[in-house]
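First comes the structure, then the notes that go with it.
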Amino acid sequence: MTFYNHKEIEPKWQDFWAKNHTFKTGTDSSKPKFYALDMFPYPSGAGLHVGHPEGYTATDILSRFKRAQGYNVLHPMGWDAFGLPAEQYAMDTGNDPADFTAENIANFKRQINSLGFSYDWDREVNTTDPNYYKWTQWIFTKLYEKGLAYEAEVPVNWVEELGTAIANEEVLPDGTSERGGYPVVRKPMRQWMLKITAYAERLLEDLEEVDWPESIKDMQRNWIGKSVGANITFNVKDSEESFTVFTTRPDTLFGATYAVLAPEHALVDAITTEEQAEAIAEYKRQASLKSDLARTDLAKEKTGVWTGAYAINPVNGKEMPIWIADYVLSSYGTGAIMAVPAHDERDWEFAKQFHLDIIPVLEGGNVQEAAYTEDGLHINSDFLDGLNKEEAIAKTVAWLEEKEVGNEKVSYRLRDWLFSRQRYWGEPIPIIHWEDGTSTAVPEDQLPLILPVTKDIHPSGTGESPLANITDWLEVTREDGVKGRRETNTMPQWAGSSWYYLRYIDPKNDKAIADPDLLKQWLPVDIYVGGAEHAVLHLLYARFWHKVLYDLGVVPTKEPFQKLFNQGMILGTSYRDHRGALVATDKVEKREGSYFHIETGEELEQAPAKMSKSLKNVVNPDDVVEQYGADTLRVYEMFMGPLDASIAWSEEGLEGSRKFLDRVYRLITTKEMTGDNSGALDKVYHETVKAVTEQIESMKFNTAIAQLMIFVNAANKEDKLYKEQAKGFVQLIAPFAPHLGEELWQVLTDSNQSISHVAWPTWDENKLVENDVEIVVQIKGKVKAKLVLAKDLSKEELEAAALSHEKIQAEIAGKEIVKVIAVPNKLVNIVVK
């Protein structure tokens with residue numbers, strides 16, 4: 001039986017594409033542009049897994065489709081190659097992280113090429129290449145000049161095992177590090193911060209301009225966390241000191257019965273009484289060991305210590321005890337809250353635990369039993385009594401401003417971006433600290449500041465990076481003899497990925513990030529495909545940098561990525577025992593269609609789960625390509641289900657996709673071709689062209705493949721195939737199965753040209769219309785027959801056809817026809833007696 005020999009055909013066309021630079025980015029300025037971007041991978045030692053090609057195949061189908069439609073297509077690939085894993089490996093083995101990274105990139109590239117993706121490799125970027133990170137450093141110097149990069153002594157999320165601080169976004173809900181799962185503690189350190197908060201409002205507003213999944217927009221909105229309220233000043237009793245509180249509910253000020261400061265608040269030591277000093281110091285020490293997430297966990301028991309001091313409530317002059325508690329963060333708002341326990345669950349729990357006053361100021365509920373958090377008219381609130389929420393907020397803010405003890409305020413949950421890492425394998429931060437106390441950026445003509453090669457990349461132990469150990473690199477002298485030290489912190493992995501999509505546009509430019517005319521031509525990115533896990537990290541950081549570059553006049557658009565699509569996760573096959581515990585696949589055997597634990601004999605339930613080394617259910621694409629071919633993997637991953645759904649991997653599904661490609665191969669290579677069109681396949685062919693075109697546009701790849709299958713089934717029923725329709729069909733399947741597409745195009749055309757730039761087929765709407773219709777024939781309103789007749793017959797023709805039908809003649813034999821009602825294209829009703 002004829003079948004598709006992938007082991008021969010796929011390498012042949014991969015060589016052809018490489019030699020002929022088939023996918024070189026078009027530069028014809030008369031053509032429209034299409035920029036299709038994948039989230040570039042971190043080149044890990046493990047190589048690609050089958051989850052990577054899902055998103056890559058989607059952008060590849062779009063890229064091939066758009067080329068055929070006459071677009072200039074920019075479809076690049078590169079490497080996000082700085083980061084902790086390579087450094088950790090280097091520390092464990094003594095090898096250079098650069099060598100390890102280069103080996104991993106070579107392996108990734110081999111795997112990617114084996115899958116037939118149409119990348120323009122002339123535009124490859126690598127974040128660890130000095131010619132690339134020169135511009136990462138240049139962007140940093142611009143941030144520094146604009147006051148958007150600054151140093152601060154801040155409590156950081158310190159991970160002892162990693163020897164570095166990590167960003168809030170990299171701390172997991174259980175208070176451990178995203179990488180490695182190590183304990184995270186709070187520790188004050190000198191750090192570089194980026195002022196992303198200066199762009200909070202624009203980052204929020206401009207989400208309206210982009211075509212992104214609403215779920216991702218919501219995650220960014222929540223992360224930015226805009227809230228409108230008021231700042232209120234509280235004086236400390238018997239003291240010159242005061243502190244400010246931000247609240248979204250200034251109207252509940254009459255119900256504020258105590259205040260809470262973050263343990264790190266600058267005022268704590270100044271107002272603490274002698275009697276409370278020891279307890280306060282111990283509490284501060286314990287709080288410093290916890291991450292922000294652990295401190296704000298709603299389920300944890302409320303803890304706190306009274307400072308011994310009181311604040312004066314400005315609206316009624318009442319004394320409010322001032323406490324410290326770790327659920328208040330110094331980094332959020334002002335680091336101080338006014339507690340209204342009657343109407344806030346956390347404040348209520350705290351008040352109950354420490355026997356503090358609870359005064360209701362809104363109607364409804366029993367505040368001795370639980371906090372009342374619904375809205376209601378105001379009570380116990382003097383000039384606010386009887387007002388609703390909106391009226392009371394407006395009146396309170398006016399009162400605060402009149403008395404000069406507060407003002408309306410917009411606050412954001414978003415914090416500035418902790419940008420420094422105490423590691424070796426990252427971009428050096430181009431700053432020099434001079435002994436006269438000043439700091440300067442490395443001048444542009446001295447960039448890139450090269451990361452020095454060293455064998456000793458262990459953390460310095462002082463909290464500085466290993467670069468602090470390399471004195472000949474570290475120490476510099478100015479022309480006037482003033483000595484200085486280079487910045488020893490390096491940038492986080494997020495730095496290089498915050499602007500890489502710009503470098504693809506002009507990757508060899510040594511005078512600028514990219515030529516301004518080329519940036520104008522290619523931006524914004526038309527489609528960006530990647531995982532939803534990057535919603536508030538990479539995607540927010542890239543938008544921030546893009547807006548800074550927009551303000552500098554470097555880029556012409558406000559937003560980098562016009563359309564974002566998150567592919568789903570490909571789950572592995574896994575097995576659960578009666579307790580719900582997962583069992584590794586090498587401990588499972590299949591008997592008579594059921595699955596059993598090899599060691600215990602227990603019958604197991606098959607269940608999809610995330611692929612992981614521990615479950616031994618990771619599928620390596622190399623194995624799939626070897627056994628089934630790259631085109632099979634591509635078609636299978638697109639046919640599994642909707643692109644954004646999470647779906648379990650299935651060998652049976654893979655085999656089904658392979659069989660389909662074999663049927664396609666047989667159809668084109670063995671069916672007799674003809675130059676005469678019988679018209680038999682016109683309708684299904686034009687339906688297929690239309691459906692596949694529209695479904696690729698809308699990224700419904702699974703339904704596009706289903707339509708291709710419908711055409712193959714119909715074509716197999718015919719003795720001959722109209723050659724032009726066969727060619728059109730091969731063009732339709734080529735973006736999904738490009739090696740097969742090229743091979744069959746060659747079979748049909750005897751051409752040695754690639755199918756890649758052949759114009760996309762078009763459909764004829766007239767051919768989609770049915771020429772025949774089904775006519776229902778009724779006698780006295782009851783259906784007696786259904787006739788297939790030519791469309792648009794006259795009433796007389798319909799009547800004649802109905803009355804001459806043998807079944808109808810038998811029904812009306814011996815009866816008198818009273819009248820015949822004919823409705824064109826629908827029915828004939830015969831009335832008899």
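Glycine residues also receive a Cβ, built from the backbone N, Cα and C atoms like all the rest.
On a predicted model such as this, the values are computed, not experimentally measured, just so you know.
The number of other CB atoms found within 10 A of the CB of Lys613 (ATP binding site), across every protein chain shown, is 9. Taken from Swiss-Prot, the feature ATP binding site applies to Lys613.
Long-range neighbours of the motif ''HIGH' region' (41-52) within the same chain, counting only residues 6 or more positions beyond its ends whose Cβ lies under 8 Å from a Cβ of the stretch, are 79-81, 83, 85, 89, 100-101, 104-105, 107-108, 111-112, 493, 569-570, 611, 613, 618-622, 624, 633, 637, 649. According to Swiss-Prot, the feature motif ''HIGH' region' maps to 41-52.
Summarising the annotation, Swiss-Prot assigns motif ''KMSKS' region' to 610-614. Proximity of distant same-chain residues to the motif ''KMSKS' region' (610-614), defined by a Cβ-Cβ separation under 8 Å and at least 6 residues beyond the stretch ends, is recorded for 46, 49-51, 569-572, 584, 649.
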Secondary structure at Lys613 (ATP binding site), reduced by DSSP to three states: coil
Secondary structure tally of the motif ''HIGH' region' (41-52) (DSSP, helix then strand then coil): 1 helix, 0 strand, 11 coil
Average model confidence [pLDDT] within the motif ''KMSKS' region' (610-614): 80
